[in-house]
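Undergrad: I grabbed these lines from Swiss-Prot:
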| type | residues | note |
| --- | --- | --- |
| DOMAIN | 2-246 | domain 'ABC transporter' |
| BINDING | Gly35, Pro36, Ser37, Gly38, Ala39, Gly40, Lys41, Ser42 | ATP binding site |
| REGION | 243-267 | region 'Disordered' |
Amino acid sequence: MLRVESLRKVYDSGDVALDDVSLTVSGSETVAIIGPSGAGKSTLVRCINRLVEPTSGTVWLDEREVTGLPEKQLPAVRRDMGMIFQEYNLIERLTVMENVLSGRLGYVSSWKGFRRKFPQEDVDRAFEILDRVGLSGLENNRADELSGGQRQRVGIARAVIQQPKIMLVDEPTSSLDPDTSRDVMDLLTEIASDEGVPVLLNIHEVDLAVEYADRIVGLADGRIVYDGSTDGLDEGIENKIYRNGRESARSSPSSEPALSDDTELHR
């Protein structure tokens with residue numbers, strides 16, 4: 001179970017990105033975080049796995065406090081958090097197979113990881129997952145040869161091979177066309193359900209959130225203004241979430257202020 005308690009993030013500029021955010025994600029539920037650009041959605045997801053350091057508050061994964069860990073212990077807990085990025089976060093010059101197997105770096109020594117020497121069982125599992133996400137036969141293609149939808153499927157495969165306790169997903173459809181977006185969401189929720197892994201999903205498109213999530217968390221100005229079922233998300237609550245009028249709750253997606261992807265492989 002993921003537990004977030006009173007999380008707060010204030011940037012050096014003084015901007016408050018998160019203000020007393022608390023939530024839990026458990027079982028095999030899919031929880032979608034919605035809100036306008038700048039509401040703190042990406043910051044929340046990245047604070048959970050410490051890609052962004054929170055100012056205060058705590059994050060727990062099962063009985064382990066993530067926020068209290070020293071840097072050298074972070075690889076072990078990140079291994080339990082499958083992260084799927086908005087901009088894919090693939091190593092462009094590496095093959096599809098090599099990118100997927102990077103999800104196993106937390107399970108091998110630094111030397112083996114550097115030489116990309118993985119146990120045969122990991123390789124076999126990677127082939128199985130690639131077939132599952134519809135990329136069979138592309139394992140030797142470089143990542144920079146793939147379409148956006150294919151790249152996101154590689155990201156999903158990499159997260160799944162980690163055998164995570166939770167999947168953290170940051171705007172998985174923002175760079176995709178509507179049809180590909182639905183294909184990716186179908187795949188993501190199907191695999192998460194089959195694996196019995198909960199999903200915390202930051203997503204801009206409210207329609208997709210309502211269709212695919214079990215629960216909605218609405219953020220506005222860094223605070224939770226709604227946490228409940230998809231059925232309970234009515235027009236009044238949407239207006240409360242998007243009250244600043246910066247964008248329509250069900251408009252086409254626009255990018256949240258940039259948070260640079262960490263392109264290092266986290267072990």
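Placement of Cβ uses the backbone N, Cα and C atoms for every residue, glycine included.
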Undergrad: Give me the count of other Cβ atoms within 10 A of the Cβ belonging to Gly38 (ATP binding site).
TA: 18
Undergrad: Which residues of the same chain, at least 6 positions away in sequence, have a Cβ lying under 8 Å from the Cβ of Gly35 (ATP binding site)?
TA: Lys41, Gly218, Leu219, Ala220, Ile241, Tyr242
Undergrad: Considering the binding-site residues Pro36, Gly40, which residue's Cβ sits among the greatest number of other Cβ atoms within 10 Å?
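TA: By the 10 Å Cβ neighbour count, Gly40 comes out on top.
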Undergrad: Drop a 10 Å sphere on every Cβ of the binding-site residues Ser37, Ala39, Lys41, Ser42 and tell me which sphere holds the fewest other Cβ atoms.
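TA: Comparing Cβ neighbours within 10 Å for the binding-site residues Ser37, Ala39, Lys41, Ser42, Ser37 has the fewest.
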